[in-house]
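K.L.:
Supplied in structure tokens, the structure appears directly below.
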Amino acid sequence: MKGSYRIEESKDDGDLEKPFLGPSSSSTIMASSSSISVVVLGTFFAVSGSYIFGSANVVQVGFSSPTQAGIMSELGLSLAEYSFFGSIMTIGAMIGALLSGHVSDIIGRRGAMWVSDILSIAGWLAIYFAEDAWWLDLGRLCVGLGVGFISYAVPVFIAEITPKNLRGSFTTVHQLMICCGVSLTYLFGTVVTWRTLALIGIVPCVVQLLGLLLVPESPRWLAKVGKEKEFEAALQRLRGKEADVSQEVAEIRDYTKSLQLQSEGGILELFDWKYAHSLIVGVGLMILQQFGGVNGIAFYASAIFTTAGFSSGVGTIAMVVVQVPLTALGVLLMDKSGRRPLLMVSAAGTCLGCFLLAVSFLMQDHRWCTEVSPTLALVGVLVYTGSFSLGMGGIPWVIMSEIFPINMKGSAGSLVSLVSWVGSWIVSYGFNFLMHWSSLGTFFIFSSICGLTVFFVAKLVPETKGRTLEEIQASMNSFSSGK
């Protein structure tokens, strides 16, 4: 299995064995800027949750770092208690990720995001009113549960409501808002108290909670659960009052009918051979994303700069300045250059960044050009951060939302999200041990994994740009052609 895949075009519009209507149907799905106002609104409200993800997820760079001294002194926490507060969110996110797909299948994509909002609001309030470590940890756990739901529900919802020619860019806004959440929370934390920062965290939750009432549910989920009238009405609202959605309605309906011959997929069924390609791509990209060292670098950037002999404050600010613009550039390029080229360029850049960091530590170990090695470390971190933001940060979530058929999407999304969070925890936990073993060896390992990602994408990841979700899923999963 390699390269990109195409499905065979149907010569007979009534042939349900080949339910896609070829180029003629595709052309009607291309959206003009005047017909996507509801899609833009839906994306905006959805990615309000992504801001929560960013503000809560990156512990050292996000909520915890700028407020660490205030929390520890006011509540009298030990370093161990504070470390537990920082890490318990990941446990909550793992649980939330495991439940997110099933909950989204039962109550819808908007419903899952509403669950996330309620959990996150409860969590931020518990943190705000906390007078001891127990309430602080409970609040952090609730926020983690909410983030676990968001990590799956947001990209899937955006992918399912967006026209194919805009789907990649719109879905990648999820990653852009995560970056904004990290950056703005870090900046806010330098000027307000930690309790005020917790109240600020409630704002995007409320925006999403109320805003989603103004936009329709995912039409593909509505079709899946048999709500035919609501499905057509939702799609018409998303494409504009004057848009002809008959071909897209037929395509989604026919594909949904073909899926009704399949049982509702559980975790075990996901390992059936017919889903092997989708599973390898979805899980593989998440493993390579996390084990390429992103959380090692993001969570411990200050320590990296200090070890390399550079100012941690200057390095962290430089990371923020690089991250947001390059994530925005990735959004703009997503539906122009395609997913595969951006992924390969991004992975190659992260490989180079880790290699430069490894060389920096090698120079330090051997006392070579000691005045150059700190600058090389800074360049390495910035190259890695910029390259990761360009593609590897957001595109795996885009592809996850595109490649699984809707009868398997809940189980697959839960599994892929869980793999991402477990990988994040493993790298975060093990990074200090690896650095103690060998700073040089640590970043050579990360560089090698990033290099492997380039070959993985080249050989296994299909190009999904400009194709409907039904076309992508049928080309990757063989049941529709009876194989």
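Every residue number used here counts from 1 along the chain in the order it is shown.
Placement of Cβ uses the backbone N, Cα and C atoms for every residue, glycine included.
TrEMBL lists these features:
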DOMAIN    35-465  domain 'Major facilitator superfamily (MFS) profile'
TRANSMEM  36-59  transmembrane segment
TRANSMEM  79-99  transmembrane segment
TRANSMEM  111-129  transmembrane segment
TRANSMEM  135-158  transmembrane segment
TRANSMEM  170-188  transmembrane segment
TRANSMEM  194-215  transmembrane segment
TRANSMEM  279-301  transmembrane segment
TRANSMEM  313-334  transmembrane segment
TRANSMEM  341-363  transmembrane segment
TRANSMEM  375-400  transmembrane segment
TRANSMEM  412-431  transmembrane segment
TRANSMEM  437-458  transmembrane segment
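Describe the structural context of these features.
P.N.:
Below 8 angstroms of C-beta separation, residues 42-43, 46-47, 49-50, 52-53, 56-57, 71, 75, 77, 84-86, 88-101, 103-104, 109-110, 112-113, 115-120, 122-129, 167, 170-171, 173-174, 198, 201, 205, 218, 397-398, 400-401, 409, 413-414, 416-417, 420-421 of the same chain, each at least six residues beyond the ends of the transmembrane segment (135-158), sit close to that stretch.
Non-local neighbours of the transmembrane segment (170-188) in the same chain are 39, 43, 46-48, 50-58, 61-63, 65-66, 154-155, 158-159, 162, 197, 200-201, 204, 316, 320, 323-324, 327-328, 330-331, 334, 389, 393-395, 397-398, 401; each lies 6+ residues outside the stretch with a CB under 8 Å from one of its CB atoms.
Long-range contacts of the transmembrane segment (194-215) within the same chain: residues 38, 41-42, 44-46, 48-49, 51-52, 55-56, 63, 66-67, 70-71, 74, 110, 113-114, 117-118, 120-121, 124-125, 127-128, 139, 143, 146, 161, 181, 185, 188, each at least 6 residues beyond the stretch ends and with a Cβ under 8 Å from a Cβ of the stretch.
Only residues 6 or more beyond the boundaries of the transmembrane segment (412-431), in the same chain, are considered here, and those with a CB under 8 A from a CB of the stretch are 87, 90, 93-94, 97-102, 104, 148, 151-152, 156, 265, 267, 270, 275, 278-279, 282-283, 286-287, 289-291, 293-296, 299-300, 396, 400-401, 404, 442.
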K.L.:
Which listed range (279-301, 313-334, 341-363, 375-400) shows the maximal number of Cβ pairs under 8 Å with respect to the transmembrane segment (36-59)?
P.N.:
279-301
K.L.:
As a test of reading the model: what is the averaged pLDDT for the domain 'Major facilitator superfamily (MFS) profile' (35-465)?
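P.N.:
Overall, the domain 'Major facilitator superfamily (MFS) profile' (35-465) comes to a mean pLDDT of 86.
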